[in-house]
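According to TrEMBL:
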TRANSMEM  34-51  transmembrane segment
DOMAIN    42-500  domain 'Cation/H+ exchanger transmembrane'
TRANSMEM  58-79  transmembrane segment
TRANSMEM  148-165  transmembrane segment
TRANSMEM  177-200  transmembrane segment
TRANSMEM  206-234  transmembrane segment
TRANSMEM  285-309  transmembrane segment
TRANSMEM  373-393  transmembrane segment
TRANSMEM  405-427  transmembrane segment
TRANSMEM  448-468  transmembrane segment
TRANSMEM  474-494  transmembrane segment
Amino acid sequence: MSSKSSKETSIDKSIETSQESRVQINHVSDSMTLLLYLGLLIVTILTVWLFKHRRFRFIHETGLAILYGLIVGVIIRYGSPSYQPSITMISIEDSPEQSNKLPPEKVLVNMSVLNESQIYEYDYKRRLYGNDINAPILDEKATFNPEVFFNFILPPIIFFAGFSMKRKHFFRNIGSILMLAFLGTTISCFVIGGVTFGISRASARLASIVSLSECLLFGAFISATDPVTVLAIFSDLRVEPDLYALVFGESVLNDAVAIVLSESIETYGSAAAAGETAAISVLKAIGSFAGVFLGAIGIGCLLGCLTALITKFTQVREHPLLETSLFVLMSYSTFLAAEAVKSTGIVAVLFCGICQAHYTYNNLSDESKATTMSFFGLLNFLAENFTFVYIGVSVFTYSSHLWDPVFIVAGFLAMIIGRVLCVYPLCGLANIGRRRSGCAIGLSRMHVLAFSGLRGAMAFALAIRNTSSDARKIIFSTTLILVMITVLVCGGLATQMLQWMHIEVGVEEEPNRQRLDRQDSTG
């Protein structure tokens, strides 16, 4: 018995020493990774300051973040230390019981360690391909869990979009914004899905990988616009507020619509795969869309109004630190509450931000007003730029890429067609009502709206969340390329586009109502 105990102690000590060594290696690599991203953000901020100082507007901070990320991604991929963790390949023999099963979430391995039988637990991570097995450890460390984006990066971006909304101009254009966000995003989704599905049939390889539901899912992902670059230039140049409100309002709401659309399409795909009829599958998808969207709106508005009531009928404003802490925690809990009930936290936190700005903000003390606006503005800035840095880095370090030139070209063409069919017909339809009030959207403004449909953080986050199949890998890689193209090209040409379209700039913050149908040479 004593020899047995002594042997176990020796095994435990050896494992403890080995584990301590692994912890140290992981700690160093994690620190290097975080330092790397912080360094990229610092360099991006300093370069942005230089560009603003020199009034150089051909590239925005998000474009810089992508370029710097690409450079560092190359260095990590081809110049990082080649340390490899110990790897043992275990083959499970095929059996009738195992062949029809999915990979288990956990594996219990009974192995001999130092001549002693031990059972160890391992978690499922992902499917590996040949070139993934020997990837450097820094490649893996530079790639974060996709849930990090949904739980920590996206919420402050979306919340600040609702919280910083200029309500006067937003609600003055609410009809056109809702039409572009809801109907336009739906049109774009199905056009992109249909075009990519049609073109992909020309490739035997793609036809065997990508189905119609997956093309529609890609359409939902890529229909989420993120014109942060264009909006920053609009703000710097003080573009007419109604045009700003249209671009901003569409981008804020269509992110929410794109998320719920993607979930509804997945519901449709699951129902169809289960053998249900097309009609039943469509009805389930529509029901899922309505239920998730309305539920998320309800949760967001409820917690936003609850925060307003707490700040109004308590004396917490006498303690600004507590007041600000309560505001931040209540706002973030909206996202978690919606996710906990299987709704969409992004939609909930957006409408929470709108309610907080409309009701709660006026109840706050002056110190808390300044603190909350600055705090969420800071989080938004860092989260957005981190996302674009990560986009650049992940081109070379992410292990789940599957590049297909045909699908990339199809996606690019489909994105343009979808944007055109989204903006021009719907703006024409909106003008039926807008002309009565003398604020129709002129043709030049339609051109700017169409041009402002950049893809960004939301499309990337939706695509990276699940890359378990070949089809999802192709969708993710294509989304990555389209995000970079639109941010770098459209973002870089935004100032020139305003000049070409003769859009008025230098407008005061609260001008008399501007007419968007002013006669000009392009409109």
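Just so it is clear, glycine is given a Cβ too, placed from its N, Cα and C backbone atoms.
Using a Cβ-Cβ cut-off under 8 Å and counting only residues 6 or more beyond its ends in the same chain, the transmembrane segment (373-393) has close neighbours at 37, 40-41, 44-45, 61-63, 65-73, 76, 142, 144, 149, 153-154, 156-157, 159-161, 163-164, 228, 324, 328, 456-457, 460-461, 480, 483-484, 487. Under 8 Å from some Cβ of the transmembrane segment (285-309) lie the Cβ atoms of residues 256-257, 260-261, 263-265, 267-268, 271, 326-327, 330-331, 333-334, 337-338, 341, 343-356, 359-360, 363, all in the same chain and six or more residues away from its ends. Simply put, out of 34-51, 58-79, 148-165, 405-427, 474-494, 474-494 has the most Cβ pairs sitting under 8 Å from the transmembrane segment (448-468). Note: the stretches the transmembrane segment (405-427) and the transmembrane segment (34-51) are not in contact (fewer than 3 CB pairs below 8 A, sequence gap of 6 or more). Below 8 angstroms of C-beta separation, residues 57, 59, 61, 64-65, 68-69, 72, 76, 142, 382, 385-386, 389-390, 393 of the same chain, each at least six residues beyond the ends of the transmembrane segment (34-51), sit close to that stretch. The stretch in closest packing with the transmembrane segment (177-200), judged by the count of Cβ pairs under 8 Å and taken from 58-79, 206-234, 474-494, is 206-234. Using a Cβ-Cβ cut-off under 8 Å and counting only residues 6 or more beyond its ends in the same chain, the transmembrane segment (474-494) has close neighbours at 57-60, 62-63, 66-67, 206, 209-210, 214, 217-218, 221-222, 229-230, 233-234, 388, 391-392, 394-395, 398, 400-404, 407-408, 411-412, 415, 451-456, 459-460, 462-464, 467.
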